[in-house]
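Visitor: If you look up TrEMBL, you'll see 158-492 marked as domain 'RCC1-like'. Taken from TrEMBL, the feature repeat 'RCC1' covers 174-225, 226-279, 280-332, 336-389, 390-441, 442-508, 509-544. Residues annotated as signal peptide in TrEMBL: 1-19.
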Amino acid sequence: MQMDFLQSYLNLLFCQAWALQSLAVPMDATTSGTPAIQYHNIPDQPITAIIVAPVPTFQRNQRHCFGESTPGEFPLAASPSIVLHATCSFFRQPANFAPDYQLSISELAALDMCQKRAIFKPMTEAERQDLKQKCGGSWKLVLRFLLAGEACCRRENSQAIAGPGHSIAVTSKGVVYSFGSNSSGQLGHGTTEEEWRPRPIRSLQGIRIIQAAAGAGRTMLISDAGQVYAFGKDSFGEAEYGVQGTKLVTSPQLVESLKNIFVVQAAIGNFFTAVLSREGRVYTFSWGNDARLGHHTEPNDVEPHPLLGALENIPVVQIAAGYCYLLALACQPSGMAVYSVGCGLGGKLGHGSRTDEKHPRLIEQFQLLNLQPVVVAAGAWHAAVVGQDGRVCTWGWGRYGCLGHGNEECESVPKVVQALNDVKAIHVATGDYTTFVVSEDGDVYSFGCGESASLGHNAIADGQGNRHANVLTPQLVTSLKQVNERVVQISLTNSIYWNAHTFALTESGKLYAFGAGDKGQLGIELVNNQTERGNPERVDIDLS
């Protein structure tokens, strides 16, 4: 991506240099050839001198490229629109840009890069224009929106999801593997039997999957065509409702109610599900009774409802779901911002109180911290954000030290984790009272609840005692550093009803697992009546 941008930028610099020269030399704006240069008695002096302080002696009568002008001449006093037209016709060719005198060169460069993005390519012209207006009327803002989504969601890349008792892994080619608990058919193999080793979902052959989400007894997959497949408990409200008569779906089924929405991400929270369209619109299912998410629904409601309020006309690049609340990373013309909606217990909405929000509300604290959010994560009762400068903020219920501030106190507004001041973070993941941070060097830090050894700190091996101990401030996960692989993604269980496990995905596509494994969710065989794994162990699967 950086090389593409650099090449386009260099090409455009070349174009702009020629455009400046066109103010001083004659050009033929009607042919593709370059005529012999005619200087019209212009003295030998820098172009800037001509532009800033033209000498009246050499001022020509205004001519136009069309009409009575002589072919081969380009007047010094030509109108800006004609100059731009000539520039677009001739000097954008090295950058392979089509002529368009209504767009600046930088806008054309941004549009060209947008057209190379996987999400943007299949859009109709009308959809592209709608997205442009929603982003603020600029292709540069559209490009920022597209790149932000790719950066925080790993779209088009491999992915591993540590769900509640079961796991989903997606290769870079779009093949899906599942393993672990399968009591509701959430593995998608057509049965309800547990799987202790990664097994490909055969019924998805020919469908390329780019995103996955896992909840209690439920799995959702998103294809590169924007279609959503779901299996497991047939309820978007999850098992917490205890819906009577909920049927089980043991193999992937297309979600009919989303057929006309091009979906790029799904998030399964407690009592509700949310999806994000490629245009940046958020839709939710269930948990809307009493208008908790701005609309009224029932637990078994299968119709998507657009999230109303402040985000109706602001594109969202990432969503994250926790216990009865939703976070949305939005792309505003002024920069990136985070909105929250839902249950405010523990201060997890980030507004300085524990009040519920029925409509999305901007978290204003990031402006006060001068922090541009780029990644957002929603744990069960706490949340975290990574800023563009690498700072990490956490807020919500601080039980077991999951906020990393050295105590177990709640924080009702985002607070910078001071212990990570010397670390430039690029990724954050949150679970049930646990938090992981990945640095740009590939180092991994964790803190919070040490139950099930899901933090990766094998204190027994280090001679420090209990590996289940809670960690109140970020600690380097040395066991992951020993694998000599650069970690790019962490996923951990985000449910208060299951013992947690953790995945670490490396740059080369290797997957390491640790934590609870009593249902086969680690993808590793446990021996001697073990129920967990303290040290990261390689899962026999290649996600590259």
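We number each residue from 1, going along the chain as drawn.
Quick reminder: no glycine exception, Cβ is built from N, Cα and C everywhere.
Those TrEMBL annotations? Automatic predictions, nothing curated.
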Visitor: Determine which recorded stretch among 174-225, 336-389, 390-441 has the most C-beta pairs below 8 angstroms with the repeat 'RCC1' (509-544).
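Guide: It is 174-225 that shares the most Cβ pairs under 8 Å with the repeat 'RCC1' (509-544).
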Visitor: For the repeat 'RCC1' (390-441), what does DSSP give as the number of helix, strand and coil residues?
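Guide: Counting residues by DSSP class gives 6 helix, 23 strand, 23 coil.
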Visitor: Per DSSP, what is the residue tally for the repeat 'RCC1' (174-225) in helix, strand and coil?
Guide: 3 helix, 24 strand, 25 coil
Visitor: When DSSP states are grouped into helix, strand and coil, how many residues of the repeat 'RCC1' (336-389) land in each?
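Guide: Grouping H, G, I as helix and E, B as strand yields 7 helix, 25 strand, 22 coil.
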Visitor: From the DSSP assignment alone, can you count helix, strand and coil residues within the repeat 'RCC1' (442-508)?
Guide: 7 helix, 23 strand, 37 coil
Visitor: DSSP says what for the repeat 'RCC1' (509-544): how many helix, strand, coil residues?
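Guide: Summed by class, the stretch gives 0 helix, 18 strand, 18 coil.
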